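Taken from TrEMBL, the feature transmembrane segment applies to B:12-38, B:44-71, B:83-104, B:110-130, B:179-202, B:214-234, B:240-259, B:271-289.
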Amino acid sequence: MSRLLLLILAPLLISAAKPKLVPDVSQRRIDIIYSFTGAELLLFGAILYPGGRVPDAHADIAVVLKGPAEPVVVREKAKVAGIWMNVRSARFRSVPSFYALAASRPIERLVDRRTAAIYELGIDNIQLSPASGAPPEEQRRFEAGLVDLKRRSGLYSESATGVEITDDVLYRARISIPARVPTGRYTAETFLIQDGRVLAGATREIEIDKSGFERFVAVAAERWSLTYGLVAVAISLLLGWIAGIAFRRLK
Amino acid sequence: MDLYLPIAGLSVNMLVIVGLGGLVGVLSGMFGVGGGFLTTPLLIFYGIPPSVAVASAATQITGASVSGVLAHTQRQGVDFRMGWVLVAGGAVGSFAGGFAFRALQKSGQIDTVVGILYVLLLGSIGILMAREAASSLRAIRSGEPVKARARRHLAIVAALPFRWRFYRSGLYISPLAPLLLGASTGLLTVLMGVGGGFLLVPAMIYGLGMSTRVVVGTSLFQILFVTAATTLVHATTSRAVDIVLACLLLIGSVTGAQFGARFAQTVRPEYLRLILALIVLLVAGRMALGLGWRPDEIYTVQAL
């Protein structure tokens, strides 16, 4: 009987022996309004060790903010008859539209490559799911081109100093959101890492969406496209007409 | 002053866009052209996605041509019969252009095709205009009057069947010729975000042989309706019309046009045409460099 009890309780006991993360974010929702020029997201929380005892070995924290994945086609330009044009292309099934990693130390010093690949830690470890049957070498070239482009436009970023840990218990990470951020449901994953192993992880969701007038315009253009077009023409005609009258009066 | 453009999906400096519209407006007031051939490339250089630039520039041209059309109508400077034939052709052209735009966007060749079209059209028209302006300037210097060119339409226009009378244009030609002309400018409006005035006006004068009194008014009339149709085509197919961007451009361009029009009265029209020709050639040259130079970005990403 006691054996059976132990068997049932075993997972609970094990999980109780592991540290836990209690994460939170400064904003659950980021509104893009007319004056939006980017935002700074604060991801913070506490590390709960079993029994409240902080171990001697320091643990590290890595935070990943990921945007909604989308299928994309990547095109490569080449010179054809003196003109640079898109020649080859490759498809990817799920490319995160945004990816930012912040860690308390450089990620390659925290985990080995296999673990980094499993948890998608680091820009070079993002799973892009290539969909075209291109040879691996060509595939890698397109992947590198895609990641490089995303990195330079500020949509993929990696910071080895973005996380501060206070007294091995409290952590705080800053991730800056650029003005051209894609909208959608984002996930913020926090990982507690010690000796190259991920001890605990926790996820929070963040919604980034256009709001107010900006949202209304974007939704209208998508849902009532003909009406939107007619209104655009009407506004344009009206503005032009009013300006014509106004300037004639001024003369 | 930063402002977020809801369709383009990025923040722009409001004053830069209004200023850009104003600059184009000054030129359009001076030369009587819509200026779409400048607006679209400048927007793209500034970082607006090409499809949004093309679509919103078309919306802006609609507004920019309203006061011109009204003024020319009062002066009896619009041949409505010719205008409606051109508009009908333009509607067909912009509708077909919508499909072409979609197909080119899907295959990833839209930027190249638009670039080549810009270089070819602006290059050839710029050269023609520069030559014409230079020869009339030379004639003025030497004191000889310029030989008036006999107003005649091309032989191919005369050969088309079903002739109609266009009283105000002073023509008895087949409506098929202006219909085709309208269709080709409609196609260009959708693909390039231009009103097509720089193509339409020379084609009406030298191709159809229209009376110059009604050329500008009638071409503005056609541009007004065809850019409006183009806005609808873009709104329903590429969904790239940014109302906020179009309004900002319009505010700048209608203001700039007033100053341009005043300045134009103080300068000889031959010099004006020469300056316009040089600007057109400059844009064509810049686009040609863009095609031939190794681009900054070898890779581009498009969401499916």
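Any Cβ shown, glycine's included, is placed from N, Cα and C.
Here the listed stretches are B:12-38, B:214-234, B:240-259, and the one with the most C-beta pairs under 8 angstroms to the transmembrane segment (B:271-289) is B:12-38. For the transmembrane segment (B:179-202), the most Cβ-contacting stretch among B:12-38, B:83-104, B:110-130, B:214-234, B:240-259 is B:83-104 (pairs under 8 Å). Within the chain carrying the transmembrane segment (B:110-130), a Cβ under 8 angstroms from the stretch's Cβ atoms is held by residues 37, 41, 50-51, 54, 101, 104, 188, 191-192, 198-199, 202, 273-274, 276-278, 280-281, 283-285, 287-288, 290-291, all 6 or more beyond its ends. The stretch from B:83-104, B:214-234, B:240-259 that makes the most Cβ contacts under 8 Å with the transmembrane segment (B:12-38) is B:240-259. Proximity of distant same-chain residues to the transmembrane segment (B:83-104), defined by a Cβ-Cβ separation under 8 Å and at least 6 residues beyond the stretch ends, is recorded for 51, 110, 113, 175, 178-191, 200, 218-219, 221-222, 225-226, 229-230, 233-234, 236-238.
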